[in-house]
Amino acid sequence: MAESRSNRAAVQATNDDASASKLSCVKKGYMKDDYVHLFVKRPVRRSPIINRGYFSRWAAFRKLMSQFLLSGTSSKKQILSLGAGFDTTYFQLLDEGNGPNLYVELDFKEVTSKKAAVIQNSSQLRDKLGANASISIDEGQVLSDHYKLLPVDLRDIPKLRDVISFADMDLSLPTFIIAECVLIYLDPDSSRAIVNWSSKTFSTAVFFLYEQIHPDDAFGHQMIRNLESRGCALLSIDASPTLLAKERLFLDNGWQRAVAWDMLKVYGSFVDTQEKRRIERLELFDEFEEWHMMQEHYCVTYAVNDAMGIFGDFGFTREGGGERMSSSASSP
C-alpha cells in the first residue's frame, strides 16, 4: 500500500527541483557552481528560507567531503554517489584541483540518460572528461578514466555489485558514499540492504546521508502530506524517524561508528561562521520560526568504517566526540 503513495517518475522529478533550488542559490551568491545551469530548463527564484536551507545542506556536505579528501596520507580516494541525479560535484572538484581517483554516479536509467545527454551536448562538461571518454545516451552511461555515470536500480543489490565491479572501483581504497534524499524514498528493507551492502563492500569508508526526520509532529505531518500529494512518499521515514534511529540504521548494519545531527545544529555548530556571516547578508530574512522548524526536520548522518585508521579526526566535532559506536567496534 505504501508503494501506491510513491510514483517513480515523481520521485525522479525531485531531482529537477533540487537542481532548480541549487541554481537559485548560485544566482543569489550563496555558493559557486558553474555547471548546474546546464541542467535547469526553467530557472526559478526560491524564497530566502529555501535558499538558506539548501546552502546549509551544501555547506555541510562539502565540508565533510573535504575532510574525507584530506584524511590520511594517500591522495588515492574514490567517491560513490547513490541516486546522484544532476549533481555537478565532480566537475566542481576538478576545478578546485581536488578531483578523486574515481568518481562514480549511479541512478535510474531515466535519469542517467538525461544526464549523459547534457554532458554529451555541453563541451563545458564533456571536455573535462578527457579524450578517452565514451558517452552513450541510449545506455545512460558515461565512461572515462576518473568519472563514471551508470544506470542501476539501487534496490537490486546483485546488480549494484555488478555495476561497482564494472566501474572498476577499488574496494580497498578510502571511499566516500553519498545518499542525499535517496534511501528514504525506498522501502525500509531496501534502505537497510544498501547500508549493509556498503558496509560489507568498503572497509575504509564514510557514508554521508541527508534526509528527513520527525514525521510525527504537526510540521512533520504537513511535510509528509505535501510530498505524498506529489507522489513522493517517504517510504522509510517511519523505520528511522529520529536521529538515534538514523544512527542505529548504520550501526545495526555493520558500520563501526555513526553520528546524526539535525540541520539546525549542523548550521549552528558546524557550518563555517564566516560563511554564515557572508550568506546571511545576501537576502532579507525574517522567517526564523519556520526556519527552526524546517531545519529540525532534516538531518545529516555520517557513518564510518576505518580499517586503515585514517578517520580518527573526521566528523562534526573533529575529535570523534558524540559518535555512537557499534558494540563490535567498541570492544577491545
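Cβ atoms are placed via backbone N, Cα and C, with glycine included.
Residues annotated as S-adenosyl-L-methionine binding site in Swiss-Prot: LYS22, ARG57, GLY83, ASP107, ASP153, LEU154, GLU180.
Of all Cα pairs drawn from LYS22, ARG57, GLY83, ASP107, ASP153, LEU154, GLU180, which the record names as binding S-adenosyl-L-methionine, the longest spans 25 Å. It is ASP153, among the binding-site residues ASP107, ASP153, GLU180, whose Cβ has the fewest other Cβ atoms within 10 Å in the structure shown. In sequence order, GLU180, TYR210, MET263, TYR298, VAL300 constitute the residues six or more apart from ARG57 (S-adenosyl-L-methionine binding site) in its chain with CB-CB distances below 8 Å. Within 10 Å of the C-beta of LEU154 (S-adenosyl-L-methionine binding site) there are 22 other C-beta atoms, taking all protein chains into account. In the three-state DSSP reading, ARG57 (S-adenosyl-L-methionine binding site) counts as helix. The C-beta environment of LYS22 (S-adenosyl-L-methionine binding site), restricted to residues of the same chain at least 6 apart in sequence and closer than 8 Å, consists of MET31, ASP33, VAL36, TYR54, TRP58. Around GLY83 (S-adenosyl-L-methionine binding site), the C-beta neighbours below 8 angstroms that are at least 6 residues distant in the chain are LEU106, ASP107, LEU154, ALA179, GLU180, CYS181, VAL182.
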